[in-house]
Structure formats: C-alpha cells, structure tokens
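**Q** The structure is given below, and queries will be raised subsequently.
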Amino acid sequence: MLRIKDPKLSLKFYTEVLGMRLLSKLDFPEMKFSLYFMGFEKEEDIPKDPEERKKWTFNQKATLELTHNWGTESDPNFTGYHNGNSEPRGFGHIGIRVPDVDAASERFESLHVKFIKKPNDGKMKGLAFIQDPDGYWIEILNYDKSKF
C-alpha cells in the first residue's frame, strides 16, 4: 500500500504513464479515506457491477493499493509521505517489467516523468528508476532477464 496526497495526480500517473487501470475504489467516509486498487487488467475483464468488481479485485494476482487520506491534497501544511529511500530507510520501491526498458524510458522522458536512474546510468545497466507524484520509486526492468 502506498499513501498518496492527491488521487487525481496519482491516478493520472498510474493510468496514463504506467498503463494501469483502476480496478476498484472503496470509500470509507466515517474514517475519511479512500482505497484505489490498480492493476494491469484488460478493461473488458473488469466487472461492471460494484459488488462483483470488489470480489473480482481481491482475487487478482497482483494489485497496487493506493490510500488517500481525505484533505491532504488541499492542505498547505501537508508536506507529503516519506518514501523510505532516505533516512530513516524503510520501504524501497516497487518494480514493473516492460518489454523494452529503453523504449519505456524514452516514453517516460516525453511525458516529463522524473528519473532517479536512467537505463545506462551507473553500474547496473538496463534498468531504470522513476518517481510517482508522491516520490515513490518505481523500478522499470525488462521481461527478458538476459538484457541485464
């Protein structure tokens, strides 16, 4: 689960930049938060009925859960969440496999995505790290392990 400041920015990033789909959204008004479940599923496979959709979501192999605590998007004093990649260290990153890291990186550059590491930077070639709107790191690596 990743805590997000602004669901509009995060949903745009995960759908338009990474190609994920919103599988299900659950609101908890009494506790003032919402959960957004994201995945790489085909639109036609996602049930339309809300109850069926919820059951279906929790039976998928891999989903990314985004949690939004209401009001953070408009709170001028809210500075964001700690991504775990600076002190104190904790959570590091998620990883997404793509057919071609270089092509994906070119696309990310054209979309003005922030890079932590480009595919040919540093000692580890053939993989990239980008950041989402909340500063969480996302490793981009090839399907084909021989390309490392």
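Backbone N, Cα and C define each Cβ position, glycine as well.
Automatic, uncurated: that is what TrEMBL annotation is.
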**Q** Where TrEMBL shows GLU65, HIS93 binding Zn(2+), which of GLU16, GLU139 is named for the same site?
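**A** The one candidate that TrEMBL places in that Zn(2+) site: GLU139.
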**Q** Below 8 Å Cβ to Cβ and six or more residues apart, same chain only. Which residues does that give for GLU65 (Zn(2+) binding site)?
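**A** For GLU65 (Zn(2+) binding site), the qualifying residues are MET1, LEU2, LEU35, TYR36, PHE37, MET38.
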**Q** Please compute the mean pLDDT of the model over the domain 'VOC' (1-143).
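**A** Per the prediction, mean pLDDT sits at 95 for the domain 'VOC' (1-143).
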**Q** At the level of the C-alpha atoms, what whole-angstrom distance separates GLU139 (active site, proton donor/acceptor) and HIS93 (Zn(2+) binding site)?
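**A** Here the two Cα atoms lie 7 Å apart.
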